[in-house]
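Reading through the structure tokens given below for one structure.
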Amino acid sequence: MMRADGRSSCELRPVHIHPHYMKHAEGSVLIEVGDTKVICTATVEEKVPSFMRGGGKGWITAEYGMLPRATEQRNVREASKGKVSGRTMEIQRLIGRALRSVVDLEQLGERTIWIDCDVIQADGGTRTASITGAYVALVLALAKLVEEGRLEALPIRDFLAATSVGIDPEHGVILDLDYNEDARAKVDMNVVMTGAGQFVEIQGTGEEAVFSRAELDELLEAAQIGIEQLIAVQRRALGEWAARIGEKKEAAEEDTE
């Protein structure tokens, strides 16, 4: 049975990543996953938080936000409330944690990469789209440092992407839930994986329901299918830099000789 938007159970929504979307940021993209659209930027700061000074390692941190009319009903800006919501804080930490998992922070050196993810239109999967887009923005920012001679090689070990999976009352296990599917799902799960197929994070909950080990395995298999396709889109967006993911510093030095 086809889903409401005509997709099969294990089919992603159309995904587009537009690189160099913002003029001033060292790295930036607009990522579109169906009707969900997120602007992701990466900013390089030549210092680290005070607790890391002198340690010889860099840091990656993230901020996440949503425009008031990214949703069907207007949301009040968090700046107007004077505090960041628990949901926003959780997503920010997830994005930063995910990106740090594939970066050699020692090779990055004592600098901070600020990731900003701003949702301009939301239709489910904003946190997973943010991770997938932020990864490309991060690579573009680090590529600029390599081009400028401030880094000898990309300090990135592997690709990284994220997607959602769930169990729908009618369709069973489905990939890449939109807002309406997420609202009715019996089980909702966000999965972050590397290009090598290793898991970075799995966030899964039953909504007034339980799920079996067999269903968990099926959910993770569907997520892996989707993430492999997302990484293919990332590769196209990165162009020649995609081939340099995971390169060693020594190899990069030989290429420049």
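Glycine residues also receive a Cβ, built from the backbone N, Cα and C atoms like all the rest.
Residues GLY125, THR126, ARG127 are given by Swiss-Prot as phosphate binders; from ARG74, ARG77, ARG87, ARG157, that same site also lists ARG87.
Candidate binding-site residues: ARG87, GLY125. Fewest other C-beta atoms within 10 angstroms, ARG87. According to DSSP, GLY125 (phosphate binding site) is assigned to coil rather than to any helix or strand. In the shown protein chains, 22 other C-beta atoms lie within 10 A of the C-beta of THR126 (phosphate binding site).
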